[in-house]
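Undergrad: First the structure, which I've put down as structure tokens, then a few questions once you've had a look.
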Amino acid sequence: MDSWAGHEVPRLPGRGGPLMLFDSARQGVAASTPTGTGTMYVCGITPYDATHLGHAATMITFDLVQRVWRDAGLDVTYVQNVTDIDDPLLERAARDGEDWKVLAMRETALFREDMVALRIIPPAHYVGAVESIPDIAERVLTLVKEEAAYRIDDGTGDVYFDISAAPRFGYESNLGREQMLKIFPERGGDPDRAGKRDPLDPLLWRSARADEPSWPGGGLGPGRPGWHIECAVIALNLLGHRIDVQGGGNDLIFPHHECSAAHAELLTGQSPFAQHYVHAGMIGLAGEKMSKSRGNLVFVSRLRADRVDPMAVRLALMSGHYRSDRSWNDDLLVTAQKRLDRWRRAAAAPSGPSARTFLAAFRERLADDLDSPGALTLADSWADAALVGTGDDQAAPALFARAVDALLGVRL
């Protein structure tokens, strides 16, 4: 599957420092220390209702990770998937009387357009679940042979992962069993499925049904993969046995990232699967959770159609810390547009305060668990000073613009 078009990222003088990131598994901030190349896997969209602001906020978060890594002198191999076959996609297509493949292709294309507009650095590998099915089926068979997976004895042939085979199950989410049992059905799990060894066992392979798409599965028979194993296999195949960052929204902490880690670790015999499990907060609207069921999603494409500057959208989403659940409202966008206008005027000023001093502090803020609110405040201070004629560094405005572009992804 093709990714989207990238843009040139300006080079800055010197190098940034190591990136400190909050790890959901360790419940604390720790240094991200890739050796030479940073590897990152981010769970992408299920292609319907794209791209809402929750998607955008998550993608901006991991775009910042890429930018800080690159500024520190690292190469980056970034993989993102598209869950282009899943129950919610099929349900939406059936509801709207549309071919699921047409729906998936259209929404994926729209997502790419939005990523270009938001100046998200594209992944090195943008991979659909469908194109990965042969590899996924092979890995599921491996789990069956190693007795870490089993078939339900009800005639369907469905295959489930046995969580008792994963002794560290629960380390990524830090949830107790009762919490898991509560969340599991809310996020795609089926704890009441008869024949499972444990209510929390996740689906690995759904055997073919007469009214559903299916693909050859070798020894599994025809069918389609479960959600969690898709991401585990794509990441393993493209990034290796251990990765530096596994990322997504905080609604993926459990069961998705917990189960993906368990699958990967059983397949490789190595733990932890990721050095950092990094999760972005949810975006609400006017104090309410933004969700498909409430019909209150705000879409990047609609904002663009209303001629909202995508850089203002990006700034608005970065005005809150990536880990916090936060609310979207019109005032945020108005404030972001005013900030963008002010920065653009400052970047066109004849001179300003030392941008190298600004750059050092700017890098420090972003390296501290992606403190974008702190970075925005620093940029505001520099811009305000430049606009009132403080400082005589004639090269400073251009370096300010390059720094904001390279590290925040905001083009002035």
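Cβ atoms here come from the backbone N, Cα and C positions, even for glycine.
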Undergrad: Choose the correct range: of 186-191, 246-251, which one does Swiss-Prot annotate as motif ''ERGGDP' region'? Give that range.
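TA: When 186-191, 246-251 are checked in Swiss-Prot, motif ''ERGGDP' region' belongs to 186-191.
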Undergrad: Pick the one from Ile243, Ile283 that Swiss-Prot also lists for the L-cysteinyl-5'-AMP site with Cys43, Gly44, Ile45, Thr46, Thr58, Asn81, Val82, Thr83, Trp227, Gly249, Asn250, Asp251.
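TA: For L-cysteinyl-5'-AMP, Swiss-Prot names Cys43, Gly44, Ile45, Thr46, Thr58, Asn81, Val82, Thr83, Trp227, Gly249, Asn250, Asp251; of Ile243, Ile283, the listed one is Ile283.
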Undergrad: I'm validating the feature mapping. Which of 144-148, 199-203, 219-223, 289-293 is tagged motif ''KMSKS' region' in Swiss-Prot?
TA: 289-293
Undergrad: Could you check the binding-site residues Cys43, Ile45, Val82, Cys231 and say which one's CB has the most other CB atoms within 10 Å?
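TA: Counting every other Cβ within 10 Å of each candidate, the maximum falls on Cys231.
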Undergrad: Expressed to the nearest Å, what is the distance separating Trp227 (L-cysteinyl-5'-AMP binding site) and His256 (Zn(2+) binding site) at their Cα atoms?
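TA: Trp227 (L-cysteinyl-5'-AMP binding site) and His256 (Zn(2+) binding site) have their Cα atoms 8 Å apart.
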Undergrad: For Trp227 (L-cysteinyl-5'-AMP binding site), name the DSSP secondary structure in the helix/strand/coil scheme.
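TA: SS state of Trp227 (L-cysteinyl-5'-AMP binding site) = helix.
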Undergrad: Here are the binding-site residues: Thr58, Asn250. Which has the lowest count of other Cβ atoms within 10 Å?
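TA: Per-residue Cβ counts within 10 Å for the binding-site residues Thr58, Asn250 bottom out at Asn250.
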Undergrad: In three-state terms from DSSP, label Ile283 (L-cysteinyl-5'-AMP binding site) for me.
TA: strand
Undergrad: Hey, how far is Cys231 (Zn(2+) binding site) from Val82 (L-cysteinyl-5'-AMP binding site), Cα to Cα, in Å?
TA: 9
Undergrad: Which whole-number value in Å describes the distance between the Cα atoms of Ile283 (L-cysteinyl-5'-AMP binding site) and His256 (Zn(2+) binding site)?
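TA: Per the Cα atoms, Ile283 (L-cysteinyl-5'-AMP binding site) and His256 (Zn(2+) binding site) stand 19 Å apart.
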